[in-house]
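Student: So that we are looking at the same thing, I have put the structure below in structure tokens.
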């Protein structure tokens, strides 16, 4: 599994690298890792 770096796409807290959290994700829309 490849993780997303800061600023990368994510969905509901899934997909970010360690230490990052998903910001701005809404139902059906991807957020960005912060």
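Any Cβ shown, glycine's included, is placed from N, Cα and C.
Taken from Swiss-Prot, the feature disulfide bond applies to 3-17, 10-22, 16-33, supported by similarity to another entry.
Describe the structural context of each listed feature in the structure shown, including burial, neighbouring residues and relevant distances.
Tutor: Residue 3 (disulfide bond) falls outside any helix or strand according to DSSP and counts as coil. Summarising the environment of residue 3 (disulfide bond), the number of other Cβ atoms within 10 Å of its Cβ, over all protein chains shown, is 13.
In three-state terms derived from DSSP, residue 10 (disulfide bond) belongs to an extended strand segment. Counting only residues at least six positions away in the same chain, the Cβ atoms of 4, 16, 22, 25, 30, 31, 32, 33 sit under 8 Å from the Cβ of residue 10 (disulfide bond).
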Student: Once near-sequence residues are set aside, which residues in the chain of residue 17 (disulfide bond), 6 or more away, have Cβ atoms under 8 Å from its Cβ?
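Tutor: In sequence order, 3, 4, 5, 6, 33 meet the Cβ cut-off.
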Student: Could you tally the C-beta atoms, other than its own, that fall within 10 angstroms of the C-beta of residue 33 (disulfide bond)?
Tutor: 22
